[in-house]
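Chemist: Sharing the feature lines straight out of Swiss-Prot:
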type	residues	note
DNA_BIND	70-138	DNA-binding region
COILED	190-257	coiled coil
COMPBIAS	1-22	compositional bias 'Low complexity'
COMPBIAS	31-52	compositional bias 'Basic and acidic residues'
COMPBIAS	53-65	compositional bias 'Basic residues'
CROSSLNK	Lys31	SUMO2 cross-link
MOD_RES	Ser160	phosphoserine
REGION	1-71	region 'Disordered'
Amino acid sequence: MSHGPRQPGAATAPAGGKTPGQHGAFVVAVKQERSEGSRAGEKGPQEEEPVKKRGWPKGKKRKKILPNGPKAPVTGYVRFLNERREQIRTRHPDLPFPEITKMLGAEWSKLQPAEKQRYLDEAEKEKQQYLKELWAYQQSEAYKVCTEKIQENKIKKEDSSSGLMNTLLNGHKGVDCDGFSTFDVPIFTEEFLDQNKAREAELRRLRKMNVAFEEQNAVLQRHTQSMSSARERLEQELALEERRTLALQQQLQAVRQALTASFASLPVPGTGETPTLGTLDFYMARLHGAIERDPAQHERLIARVKEILARVASEHL
């Protein structure tokens, strides 16, 4: 242990009997030696290598202030990252995590204000809900128990620090303190790694499912496009047939009108009946029956009918 400057009381105290001043000076000397030793140990590496800014240690969770309290909300930017990260990872599975974050940061900066405001509004809504739940939790019995437990742990730590100082003054190693300083670290690390592995496995499984669903979706989209094309083709054919039907109906109406007008001067023999648009079919049947009964007698009528039919056919067919 390196020795720094001691207090005058500690340097000039007699070595014989124990006096109150001697005990206090010894405590101060021990504290200074510990403080200066730690400073000397910290100073050396800093002179050799500049201190780098480091984030929260990897694999170590931040301590939750309220273990049973409501989950803290995330910002609008974090909501955007959580929503888009898996989509980018699916499209670019080989892209490292920092590159994905960098890509999403650039995408966020170029995002339209209206779209960006949507995430900010959702984050603000979640924040207000969190404040309500936090206030309700602070009024609950669980919060009181939690704060009491935190206070008890704080007192235990202070007692442990006092016990460490007493042990040093008595010349013993701080076995209990060393055991407390490494408390639960291996267990925590193993549990964290197991949880992280399980989470990564679940993410891989979900990504595979997502890829399978996207492939099925692509197949269904192709079928849908094919069905849509077939439906459009059938609709076009139906429209064409409807136009043809309408044209034929108009042509038929024109032929019936021409026949009615042409046969108006040609009554049925024996009855004197002439056709109208409503009775044209009945008239033609009666005329055909009269001619078949005695063709020789109605030769002039037959010639007249042929002449009318030829003229109507040339004009309307």
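Cβ from N, Cα, C; glycine included.
These figures come from a predicted structure and were not determined experimentally.
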Chemist: Over the DNA-binding region (70-138), what is the model's mean pLDDT?
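Modeler: Across the residues of the DNA-binding region (70-138) the model's pLDDT averages 87 on the 0 to 100 scale.
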Chemist: Please count the residues of the DNA-binding region (70-138) that DSSP assigns to helix (H, G, I), strand (E, B) and coil.
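Modeler: Breakdown, helix to coil: 55 helix, 0 strand, 14 coil.
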